[in-house]
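Annotation comment: Swiss-Prot describes 23, 135, 356 as substrate binding site. Sequence annotations record features per position, and here Swiss-Prot assigns pyridoxal 5'-phosphate binding site to 110, 111, 182, 207, 208, 209, 210, 239, 240, 241, 242. What Swiss-Prot records for 242 is N6-(pyridoxal phosphate)lysine.
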């Protein structure tokens, strides 16, 4: 191997070790269940994004099997060549009916959706206003676009408006935000963001990755808690890989936006389409989340219980108001130690460190699901509290 390269890479890896930011892959089995096997140890699964428990649902499995038998295992090409099976258009129609939009585009992942859409819509002559805690895919899309990047303090509408006021009226402006923030579990102020985008002549993209299938009318997303609000969002992005238990993502909104992205988005044009089996499962999942109110109600209730009990115990869970509940520890070292102790006690509790979260805010990110019982959560809370006291972390 080229020696200068080897030296460079070894130095970088050593730095990651020293900073407590080195990452390993661990073998996991049965992650679609409430209890999983990780490194051959049985643990309560409080780490996955399978929020409604659909990843293991027999109806989705059967839909995937039927489509595999009919269409094969791969799409064989990009959608613009010969990979655009009728399944794609069926799913896109379902998304439009679900979200009340004109046109939709199914893409391969939430990351490629955000990177592709943002880098296609704006360029170096434009300005993007982005919440400081937005997902990495949003940040990377802005960087790739070359647009001026204005980051406003998390959920600070006054700061956002101050930035909008100073922007040149001639420049095109895009506001982009997560709706549910993936590492904090709090939510964006969508009504106020829409008011600002209208006041200053911007457009807005919302990332519903952690809200699709859960919140709003029929689980259509946080922007659908109020029907008239959703209609004022220019582009909605959501994923099938979390509450819907599948894989892939969608972009939807007014037809002209989606038509433009279909023609300009490089992460859509230059990639093989999703396999037919995935589309079959997605179609079934979209049906289920609209009909199965009980799953969504259970998830919301479990989130409320878990948050309230951790707050009562004295933990810092920030402003979480959803099914995503972080315990903010601070240092990488303490967070890794806490995570290790929790896993030894039978809880899948994964340390989240920079650059995923800001420096000095390392945490354990818990995610409850609709399938957890109160007994499961109480069992976990008792152990979390006991270990935190033993480690003299904060309780």
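Glycine too: its Cβ is placed from the backbone N, Cα and C atoms.
What Swiss-Prot annotates, mapped onto the structure for a quick look.
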{"residue": "23", "record": "substrate binding site", "DSSP (3 states)": "coil"}
{"residue": "110", "record": "pyridoxal 5'-phosphate binding site", "DSSP (3 states)": "helix"}
{"residue": "135", "record": "substrate binding site", "DSSP (3 states)": "coil"}
{"residue": "182", "record": "pyridoxal 5'-phosphate binding site", "DSSP (3 states)": "coil"}
{"residue": "208", "record": "pyridoxal 5'-phosphate binding site", "DSSP (3 states)": "coil"}
{"residue": "240", "record": "pyridoxal 5'-phosphate binding site", "DSSP (3 states)": "coil"}
{"residue": "356", "record": "substrate binding site", "DSSP (3 states)": "coil"}
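Residue 135 (substrate binding site) is 11 Å away from residue 208 (pyridoxal 5'-phosphate binding site) when you measure Cα to Cα. Note: the pyridoxal 5'-phosphate site is recorded as 110, 111, 182, 207, 208, 209, 210, 239, 240, 241, 242; in the same chain, 49, 212, 237, 238, 249 also have Cβ atoms within 8 Å of that site's Cβ centroid. For the pair formed by residue 110 (pyridoxal 5'-phosphate binding site) and residue 23 (substrate binding site), distance between Cα atoms is given as 22 Å, rounded to the nearest Å. On a Cα basis, residue 135 (substrate binding site) lies 16 Å away from residue 240 (pyridoxal 5'-phosphate binding site).
It is 356, among the binding-site residues 182, 356, whose Cβ has the fewest other Cβ atoms within 10 Å in the structure shown. Note on proximity: of the binding-site residues 23, 135, 356, the one nearest residue 210 (pyridoxal 5'-phosphate binding site) is 135, by Cα distance. In this structure, of the binding-site residues 23, 210, 242, the smallest number of CB atoms within 10 A of the CB marks 23. Of all the binding-site residues in the record (23, 135, 356), the one with the smallest CA separation from residue 182 (pyridoxal 5'-phosphate binding site) is 135. Residue 23 (substrate binding site) sits 22 Å from residue 242 (pyridoxal 5'-phosphate binding site), counting Cα to Cα.
Residues 23, 135, 356 are listed as the substrate binders, and the farthest two of them sit 19 Å apart at their Cα atoms.
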